[in-house]
Amino acid sequence: MGETEEERTSQAGQLFENFIQATTCKGTLQAFSVLCRQLELNPSDHRGFYSSLKTAVTFWKAKGLWGKLDKRAGHKEYSKGRACADTRCLIIGGGPCGFRTAIELALLGAKVVVIEKRDTFSRNNVLHLWPYTIHDLRNLGAKKFYGKFCAGSIDHISIRQLQLMLLKIALIVGVEVHVNVEFVKLLEPPEDQSTDGQGWRAEIRPADNPVSDYEFDVIIGADGRRSTLDGFRRKEFRGKLAIAITANFVNRNTTAEAKVEEISGVAFIFNQKFFLELKEETGIDLENIVYYKDNTHYFVMTAKKQSLLDKGVIINDYIETERLLAFDNVNQEALLSYAREAADFGTNYQLPSLDYAINHYGQPDVAMFDFTCMYASENAALVREKSHRQLLVALVGDSLLEPFWPMGTGCARGFLAAFDTAWMIKGWAQGKEPLDLLSERESIYRLLPQTTAENISKNFEQYTIDPATRYPNLNSSCVRPHQVRHLFISGEQDLSSLERSGQTRRSVSISRRESEVRPGRLLLWCQNQTQDYRGVNVTDLNTSWRSGLALCALIHRQRPELIDFDSLNEADCAKNNQLAFDVAEREFGIQPVTTGKEMDAERGPDKLIMVLYLSKFYEMFHKSTQSVTGLPKEIDANNGDCSSKTANSLYNSINHARKRIPKLDKKLEESDVNRKRKKASSHHEELMSCQTAPPAGEREEQKENKVRSMATQLLARFEENAPSCALRRQSDSESDSDADRPVSLDLTENPRFARPKIEPTHPSTTPDKAKWQPSPYLRLLESNTRSETLHTEHYVESQSSHRLTEIQSECQYSSVSSAYKSSERRPRSPLIPFTPTLSPMMHCLQQLEEQVIQQRKREPLNRKSIKERAQKLSSLFTGNPAQPQTDESSPAVSPSSPPQTIPESSTLSCLLSPAPSLTHKQCSEASETHLKADKHTEIRRVERLDPSKQRTVGKVSSAIGVKAATLAILYETDHRPNNPITLSLTEARRCAESGLVSVRKEFSASLGGSDTCVFCQKRVYIMERLSAEGFFFHRECFRCHICGCSLRLGAHTFDSQQGTFYCKMHFSQRKTSTRHRRGEIQDGGIRSSSITISNHTSTDGTRGQPSGGEFDSSTQQDLQTLPDSKEIISVSEVKDSSKKADPADSAPACPDSPLQKVKRSTAKGEITNKNILWKKKIRSTLPLVLMKKFHRGKPEDKTEVLAEEDGNSDFEEIHESLSSKKPSNPSTDSNCLPTKDNSSTPLDEIPKIPLYRTHVLPEYPKPSSSSPEPIVTSISSDPISFSPKKKLTLSLSEKEKLLNWDLTNPGKSGAEEQQQQHVKPSISLQHDHPEPTHPQPEPAPPLFGFQQWANNLRKSFSKGSNPVVLRRNRPMKARPLSEGSFNVGAVFQDEERCGSLVDEGEARPRTESEIASLLEQVALGSKTSRGTKDDMASLPPRKLNFFSSLRIKRVEGAEQSRGEGQKDILSILSRFRNKASAQQQQQQKSNSSSEDEQEPKLTHSGALQKKKEKIAIRQTKSDELKRLHRAQVIQRQLEEVEEKQRSLEEKGVALEKVLRGENGDDGSTDEAALLQTWFKLVLEKNKLSRYESELMIFAQELELEDTQSRLQQDLRRRMATEDCEKSASELVEEQNILVEIMKVVEKRDKLVSLLEEQRLKEKAEDRDLESLILSRGYQFHWT
């Protein structure tokens, strides 16, 4: 007997092992059948089967599984398997969710039958698993069935493996499984039978299956279909056409395959550069892609239809998706090629072979399907009653809530739904009332769409089927029983009652809003808001608004400081309306729908337009109360659509920094000086608040989680009930956001943050905010900056020959805070230009300038306003005033109007605009135009007129006309706080003579008004009308000019000269091609104008610097001696080709000519002026490193670069001039020697070149020898020395050599390396020669310095052990969103930084204590916020670049050379070294001379270090995956919103045609009813627009988060290397990264604080709304 028992045990163990190891569905069922037969077990005995099996199988491998299952079955909720003892359940579908539900029901004691249509598990598609899902499956013994389950950092599994695993567990716990069985329909009980008669059954195929005779109490649909079970209405979520392709390739498990990194995914909005390169190289256009490695190499991607058509995958284009993707319309061979090519590119061609796996049909495993529409059931369960028999019907899995595949939520949410359903069935078995049961289930179901891995309970051990253990803050009674009465179907209800009851699920707030908010109520509200205003009498919604006063009054009521109502002229209707439109767009984010001119038409404004436009004000300020400052404080909580500035205006302010193209001008905006001063001040406040804040580890993590939670809730609510109040809670507090928010995201756009007067002599004395205390490091800068400014002012004062410049400077120096308000509030007097004779005017101007300078010194805190100065100035002259004429060719243009190209007869020339401020600066780039001067010309600096008030002084003599125009413009600046640009008198005269003063002309009149689409020239109806940059267009017409992709408002860039819009990627390409084209047409030193570009938020003007033939030397001196924080240099626009060809213009200037000086002076500003803010930020954050004064020659820029935003821009970059590249042969330097430079520039007045990423364009043609070329700056320890500048000219062949990464020069010796090391106190990095220590210019010295520079550059490349690997694998610091991509500019980037920052960082040794105290204030936690700069600026050809910015396990190539003696600042940051990532350990540090010394040395703590690295990598990967999924959600939601908007627009167009009688209607339709319908559509459209803005805000936050994570990872990797092994450039790069992180933290801090404030407001409003609803007898619920 003993032997028999032992044999029996051994046999049982072997049979059970066979069952466990089965790899197919059929094999598993067969092994299970054999196991039961051999062990004499009855699988139909569901109650005792598990116990019998556990008793029979006792071998050691099974005991671990029994222990896990026993622990699970021991949960109290199961009541030891008796909770549902008499319940019979049918589950339709054998997917993961169906089996998971079956397991729970079996543990509850229910009889469970699973029917599955197929008998094979063939889907190799990979599922992403949430942490709780992994924990749950492990507790069920997943490792026993599949040993590779989630090994290491793997968090995914193929559907086939998961199904097999769950099938085996289900069989073990007594679930009855039938395959090859198809559900057909429910069979109702016979009507005439007793209570113990036949119950509910299922009709199945084949009919002879035993399941057809079973009766059930519960039926669960889990087959993933949408119509298997009747009674469940569905909500559709339609996005843009989305065609998914899945592909499975054979995984041979080779070493090469194992090394290929998985790709968690890339969303188009997250890494556009990758997709652009993919399209350019392969023609494949994708929106996202994922790669997982399991039994197969699994790829899934979303392809764009046009790409599939172009590649021949889809044969014919059809509108119907079914026909489009029909089998006979798909070329299978092309599809295979398409997917393989995308997979090859995505893995960087690292997979050795891509052979398709074979599916169960014997075909290559690739599929293409449509998921344009996703569906969700409106309810999760219902109860049917027939003949006194009740049946509970429920849905789980995809049948309940279809997932968006890139998110990986299908399995996770499906399991949660399975647990919730099991909980419901337990209540059903215990006799709970059906309505109570359904109401609880619906309450829980409403949480499901918004669940994420972050917002569910983290205590996985406590998870049970009880929802309270899984959902924090669960409210299981938010849906009341009476609200689900329609889900109890007894056959006594008719369809109409069912439909009516279904409406009870709608939000109370929405219903009340729709019943109360009508056009009549809108009119009444407008009347109440505008009463008691002069000239305003609102009696209707059209003619009453014609004058524009009513709109201005409406704005003034809400924000009195925005409009000076008393100064408005009632007769100037167009101006008043345009003013209101501009202010509303700028301050409230309300896009205009028409123009001021059209409002002034005889027929008056269109009523439909006014309803649409005024409704936005109504929603924003409805029943808002005024605070003392006139800001709205509260919002009517009963209005679900009331939302604040947060959604629209906040997003606009965020994107101000994102725009690369400043506008030429805007009306009624702050002056350039004011705006830049405030930006500087705001930056210091943000920076110091960041520095003085406590360590941000916990704080940032909390904020990050809050933001993520807010985003999730927002998206989920929208997903759950598309048009209902899901949007409301995220956007209810718009109107009061300004009053309470601590700091605006972009303080430059908000006049309330204007700084008080900032004197030129005291630029560092800015008033403190309540929240901010100046850092001691900032104080360290004050004396330095003040001394620089004083020195500069004295220098400027000593120049007496050029006076008008100083007058204008003084005007610009006026009070920052008062300039804006005074210009807005004071009445605008008519402009009276004077025309005195030339000599008296100049004499008076000189006298006045001297008086102003003296007064500025004596009374720095009591200066006169601009207006007073202008009045005094005008009083000094005599003569008959010339009456101004309005130039008909330059009509008023709104701030949103697009700046057009400058007329060829009109050329603007610009001079420097001093703006004293501690921090600064709008990037301003310049090109020069060499104009032929007929006589001695004095340069005059004037401020440009606002287009709406530009004057053309009559046809008087040119000199008098110019003087009159000068005074007119000067006086006008008192009321036009636009960006100051400067005009030379020569150009002003030309403008006056031609009758053109406007900088831009209105778009061609042939394009029509606001009802004509600027792109397609077709009619654009009101509801479908969008506006940007003053243009009006259809949504579908708003596309990138290059790639044709759809653009979104706020996420576009605009070229003001060409009148074209671009996406981020192609705007950068546009800049590149523009510079290349300009370079090709340059000739003999003549520079063509740089493109003037603009965006929809920036207001920078185009500034220019003319280069006349004969300029006074004082002019050049004035230009040189302006303080570094005051320089503005820009473009002189010349389009007349005849001028370019003028021999006098093209002739090179003599060495000592003033023209040459002006050229050099102008070029200095081209680089430095863009970078002032950068320099100031660095000096603020790292004062001990960067405070010491140094001087350098300013590089002159041959390359025209575009006017860009300041250093705060998310898209910051600087395009490095060509000469930053070093020729391969230093002998070419002989061709680059410039003429002698007589100019001298004091050190303290030259801004330092800041930390900027560089991009070098290789296509520039060879410039002429007379063209000034940029030079790399030199550094000297002598604080008063001057730097002569030399030209650099490169031939085309030399440029090509520079782009050869494999370039080596064995001729370079180690002696040259030593030369650089000897220049330790002041590293000399020059093009031409060492800098002399005396101020006088010197003749060109020998080539020693330049040769040394070139050698050093070459050494940095040749030292790497593998230059090709360096190109391919080096992380791209300059392109943070595509770290692996190859960037030509990176070749020269580090040397540029070395020339600009190493000298700063090493000007003197720093103590570790000094820097440590500074850096302790910088939050660098691993989970703090992330920030970014744009990665679209440089788009070079792809050179084996890596796949995504989300990669983790990059293997770094060889690094650059390591200079000796560079042991400065970052040596104290060694505490970060233990956090270094695995990349650093894999990085080979070697050079040609000391490779052995550079080898990484393993220490005794190597094992511990590796363990920490693995943990860090896993955590980083997890964080990246979370960001990816959130990005995918945002991307999908944006597409859905766009589709909903398009649907609304179609309805609105049809309705508008009816209202206008364009559809042939006889007019019998009730207009009032139609207007009511129109208004409802308007409200819905406004709501969707706000939601879209909110989604873009969250996308911005996500981008910042991702970038900061990568910056910190890069910093830790670098700090793992000892400082003694680093070169100077590497130390500088570490400093750069640190500053980058600080900037990102600042951005995210602001954004997070604003979003958190918004959340708190919404929470309070929700409580008020709930109280209101309950007090009025409504049942409170959210939908």
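Cβ atoms here come from the backbone N, Cα and C positions, even for glycine.
Listed features, source Swiss-Prot:
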- 2-494: region 'Monooxygenase domain' (REGION)
- 97-125, ASP398: FAD binding site (BINDING)
- 516-619: domain 'Calponin-homology (CH)' (DOMAIN)
- 658-679: motif 'Nuclear localization signal' (MOTIF)
- 661-772: region 'Disordered' (REGION)
- 662-674: compositional bias 'Basic and acidic residues' (COMPBIAS)
- 697-707: compositional bias 'Basic and acidic residues' (COMPBIAS)
- 818-838: region 'Disordered' (REGION)
- 874-888: compositional bias 'Polar residues' (COMPBIAS)
- 874-907: region 'Disordered' (REGION)
- 1011-1073: domain 'LIM zinc-binding' (DOMAIN)
- 1073-1163: region 'Disordered' (REGION)
- 1086-1099: compositional bias 'Low complexity' (COMPBIAS)
- 1112-1123: compositional bias 'Polar residues' (COMPBIAS)
- 1133-1143: compositional bias 'Basic and acidic residues' (COMPBIAS)
- 1194-1247: region 'Disordered' (REGION)
- 1202-1211: compositional bias 'Acidic residues' (COMPBIAS)
- 1220-1242: compositional bias 'Polar residues' (COMPBIAS)
- 1259-1270: compositional bias 'Low complexity' (COMPBIAS)
- 1259-1283: region 'Disordered' (REGION)
- 1302-1325: compositional bias 'Polar residues' (COMPBIAS)
- 1302-1342: region 'Disordered' (REGION)
- 1333-1342: compositional bias 'Pro residues' (COMPBIAS)
- 1473-1509: region 'Disordered' (REGION)
- 1475-1489: compositional bias 'Low complexity' (COMPBIAS)
- 1517-1667: domain 'bMERB' (DOMAIN)
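Recorded features from Swiss-Prot, shown on the structure.
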{"residue": "CYS97", "record": "FAD binding site", "Cβ contacts under 8 Å, 6 or more apart": "ALA222, VAL396, GLY397, ASP398, CYS411, GLY414, PHE415, ALA417, ALA418"}
{"residue": "THR101", "record": "FAD binding site", "Cβ contacts under 8 Å, 6 or more apart": "ILE91, ILE220, ALA222, VAL396, ALA418, THR421, ALA422"}
{"residue": "LEU105", "record": "FAD binding site", "Cβ contacts under 8 Å, 6 or more apart": "CYS84, THR87, CYS89, ILE91, VAL112, ALA422, ILE425"}
{"residue": "GLY109", "record": "FAD binding site", "Cβ contacts under 8 Å, 6 or more apart": "ARG47, TYR78, SER79, GLY81, ARG82, ALA83, CYS84, ALA85, THR87"}
{"residue": "VAL113", "record": "FAD binding site", "Cβ contacts under 8 Å, 6 or more apart": "ARG88, CYS89, LEU90, ILE91, VAL175, GLU176, VAL177, HIS178, VAL211, TYR214, PHE216"}
{"residue": "LYS117", "record": "FAD binding site", "Cβ contacts under 8 Å, 6 or more apart": "GLY93, ASN180, VAL181, GLU182, PHE183, ASP223"}
{"residue": "PHE121", "record": "FAD binding site", "Cβ contacts under 8 Å, 6 or more apart": "THR24, CYS25, ILE159, ARG160, GLN163, LEU164, LEU167"}
{"residue": "ASN125", "record": "FAD binding site", "Cβ contacts under 8 Å, 6 or more apart": "SER158, ILE159, THR246, ASN248, TYR298, VAL300"}
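Helix, strand and coil residue tallies for the domain 'LIM zinc-binding' (1011-1073), in that order: 10 helix, 16 strand, 37 coil [DSSP]. DSSP gives VAL113 (FAD binding site) a strand state.
This prediction places the mean pLDDT of the domain 'Calponin-homology (CH)' (516-619) at 84. Reduced to three states, the DSSP call for PHE121 (FAD binding site) is coil.
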